Each structure stands twice: as C-alpha cells, then as structure tokens.
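Step one of this worksheet: look at the structure below.
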C-alpha cells in the first residue's frame, strides 16, 4: 500500500495510489451538547481547524468556521465556504483524523470501493430536477463521512409538507402540459422583468395575458389568428370604401363622376336633417354615402337614393331606393310561380282521377261535393309600376355586401297589415305570426317599405307636375295618373307657408288599396275568358263581381286631406330654429308612421325614415282571433243510418225478389215464343 500524498490540498488523480480513508468515528448516541462543548481541544486539533498556534478558547467558545461541533450542518454555509476558496476544509479534517488513528489503512481493505474524482462545486450541473446538495458532488471521504451505508433519517414534517405541496403544484392539466407551478413562475418572471408601478392592480390582466401567450401562440403558419374583435373586423371591411385608384385613369373617372353620377349628395341632405335634430351621425352618414357609391358601381343604376334605416333587434337595415337604367331587365320570379301553379293543377287532376275510380266502384254511394273555393290569387304589379316602381337594396353595415329585396305581392301587403313583428336583422329569418305571413323576413321588410313609402313620401306643392301629353281621364282601375315629372318652373315656397298649412305638401307616391295593389284588378275576369264554369260556380263568381271597385286618392293629393288619428293630425310641421326663422328649414314629421321625416328649403327637399317599421295605433295591438269553428254537415235522409232488418223481413224480401225474377223469366220466354211464331206467318 502506497503512502498518502504529501500535499493534502491537491485532489487525488486517477492512476495514483488511493487515498487512505478516514478513521470511522462514532460519537456517543446520547452525548449532551454541553459535554461536547466542555471537551478540551489539543493544539494539533486547533491547528487542523485553522487556528494559529498559541491561540486559546474559552470554555464555551467555538473556533471560527467550525463545522464539526455544530449539531446541524447548514448546506448554504458550506456552499459559501466552498465558493470563497476554502476547498481544503475536508483535507484538513481528514489529516486530523489520520493523526489520531494511524492504523486506518487496515480498515480500508474491508470497506474499499471506487470513488469518483473530486469535482469543484462550480462545475456541477444544475437543472430543475437536481437538488443543490454538495453530497451529490463529493465522495464520502471528501465530506468526512464513513464509507459504509447508514440509515437516512426521515424528513421533518414541515419539509415533507413543502415537498407534497410542490408536487401538487407540478401536476399538469388534462388539456395541456402546463402546470400551475410553471404558470406562476412565468407570471412572476414577467412581473420582475417589467417592474410595473402597481403590480397588484394589473395582476388579473397579467394572468390573462400570460395564459393567452401560452395557449394561443402567434405562429407564422396557416393557422388563423384567434377571435378578431368585431370593431377591427368591421374596420377591415370598411377600409375598401376609402380606397380609390390613382393615376390618369382615376382622374378621368373622377371627371366622369362629377359630370354625371347617380350617387346622391347624402352629406348635404344629412346637414339639413341635422338642423332639425334628425338623421344619423356625420361619420355614419359619410360611410353610408361611400356604400351607396359602391352600390352604384356594382349595379346598372340610373337613380339612387338613401331611403332610411330600419332598426332591428340584433342588426339594423340600411335601405337604398334605386331605379335601373332603361333596357336593364330585373330578375323575375314568374317561373317559380308557374311551377307552383302547375303543381296545384296536377294535384287537382290526380284527385279527380281518384274520385272517378271511386265513383265507378261505388256508383250507389254519392259523396257530397265541396262547395268552398279558395279566394282567387291577386296578381302582383309589374316592375316599374305601382308598389314595385322602385327596387330596394339593403345591408346591415356600410362595407357589407348589398342584398336585393324581392318584389312585393298583394298577399304580403294584406297580411303585413294584420301583424306587427320586430325585425331581427337576418333576411332569411322566418316570420312566425298569425295569420301566417307568406314569406320570410326579406318579404316582410319589403312589404313594410312599400307601406311606409306610400304613406310618408311627400314633396312641396308644385315641385312635381303631370305630363301634358296625358289626359285628365282616369284609368279603368280608378287610380288616375300614375306618372309625373319635375316642374322646371318651380321656384320654391317660403318656409313659413310650408309650416303653416299642410295643403302646401302633397303625396308623390301612389296609395295602396285594401286589395294590396295601387291599381284595382278583377281577379275573376281572366278566369272567365279562359275557363267555362259550371252553374254553381258562375253564381259564386257573380256574387264576387258585384263587389264595389276600390278607388284610392290620386297622386299629388295634399296632406290636408289625410284622415285624422283619434282627433290628432297625422302630420306635424315646425321650423328647425325659431330664433332665426329666415335661415331655418321646414321639418315635417309623420304621426302615423313614427320615424318618417321630410325637410324642405327653397328648391330642395328630401324624405327619410329611421324607425322600427311599425305603424302608430291609438289602441294596443291585439292579434287576430282564430276563425269560428266550422259547422257540422247538415243531416238528411241521404246520410242518415238505417236500422238493420229482421229475419222475417229478410225472408220476405228474398221471396219477393225470387217472384220478381221468375216473372221476368216468364216474360222472356213469352217474348221468345212470339218471335219464333212471327217468321212462320
């Protein structure tokens, strides 16, 4: 066995003689601390512990930096000493034990084992799953421990509770690999890096942003950016309204637009309505103006006007009233109606065939005929006439695509007068009501637009005039003239006259009759020419023909002739400002349709509607009651049930039938005999 190295400060190298182990030292198990402190220390031991020669200690004094006489080893203190360069502490302890026990090599062979070379603490690897324990980096001989295994004492209750709590916090979530411990570490790291002034007040928002950064990372891939705010989404769609192409082509287009354009001067009308406290905000009005300009560029429009805004429960409708250029035909829906009528006729034909077969099988049973006939379908008015004079496009917000509303039918107008519904903002939403409405929300909105336009579109007296070529005779329908033109000689009416008398305002939209059309038609006239009706059907038709013809007020009728509403005028006129009436604008408000307004100043006037699309009613709205229960079929001998015959009656009937059959056979035989005798004669 080789001698130990001469320099105790130098660690052992591989291939060199092994270092003699420390002498096992066992302290008394129950030695009191006071007795240990009172034990005298030799000068050799003090020198080994780092004390100068000749130094002395009191009875209760401890040498500086002593670890052997402390009841509990402090790991932090040991690490500080190692970092300060006191790496020779363990060698000093080993030399002290070697001096006290020179025969330690004898026990080395009994407990010999391989030891790892000494590694300074600064080169140790650290990680989240490695304990900062120096005992894991040094050999037992370097730490002054015995080379044989000893029992590890159980941890203290507080340390065990800390370990259990940390293990609980390190549990990962079911939906992701993030634990609460890591989340708290990330949040505290962000607070320490940012150093906010009041971290407690922003703790909740900081927690939310930390979670979003972990669960929703912004990746540079095809993955969509999650949950864009509605405001930003609407701004992106409205951005296209403000983009205009530049260059020479853009200047030429601008000159053409200035020369002749169908886009109305909406900002000027909004300014005048604003004087009376009516209309949209300036920002929204400008966006609507750009949206109308976009509509004119997409469709072959001759004239365009902002009709108004119809409010809804979830979304509202911006309505544009347009008229196509001559030669541009609109899409008709006649094919669908023809298919529906063909299906009805086919069903009736099949029903007739089935009834004929039943009649052949049971000729004796005569079923009563159905006398009720459905009311005739009233045809809708053609395009560019009556209630379908104009086309209407709607959108929910400026920048969204415009949707065209279908033409209105008389049945839809008649049913719309019987119900009152709030709009939802979705054109394909069903209209659940009684009586049932024939269509969806788009059809109901179109019917309400037709009713509001016919009742509230007004203009100053003399602005429009009838064509001179047309005569004064009324049409067959009784509605009179249906067209007019602007008066080039109109100079405007004073504002005071427009406010004082309603006779200075006229309706320039045709009145809708109770039939649902602006011009009355006889629905049975066409059927009489094409079909030959039976006697009973003709009687029913004659009764319908006797109904009086519906006649409404003609065009350009003054507002003073409108009917009152419970002793209340249907219109209210006022000045926009009473302090300076010479510069004011005449504002007229409809009391029959709340939300309908009109202004006039000089040669300018305009109509606007902003409301829920409901008509004013002095009484509370009550839905229609269901019709009365249908009466039972009248009872008579034809349908009365007879009592069953008795046995005697059946036998008597059978005997009578046999006698009648025998008599018939005898007559046949007599006739045959007579025929045989005639040729002989």
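Backbone N, Cα and C define each Cβ position, glycine as well.
The compositional bias 'Pro residues' annotation in TrEMBL covers 17-31.
Look at TrEMBL and you will find 529-549 (among others) tagged as compositional bias 'Acidic residues'.
Residues or ranges marked as compositional bias 'Low complexity' by TrEMBL: 653-663.
Here TrEMBL flags 664-681 (among others) as compositional bias 'Acidic residues'.
The feature domain 'G-patch' is assigned by TrEMBL to 38-65.
Residues or ranges marked as region 'Disordered' by TrEMBL: 1-44 (among others).
Annotation source TrEMBL lists region 'Disordered' at 527-549 (among others).
If you look at the region 'Disordered' (644-681), there are no same-chain residues 6 or more away from its ends with a CB under 8 A from one of its CBs. Annotated region 'Disordered' per TrEMBL: 644-681 (among others), in sequence order.
Confidence in the domain 'G-patch' (38-65), given as mean pLDDT, stands at 49. Taken residue by residue, the compositional bias 'Low complexity' (653-663) breaks down under DSSP into 11 helix, 0 strand, 0 coil.
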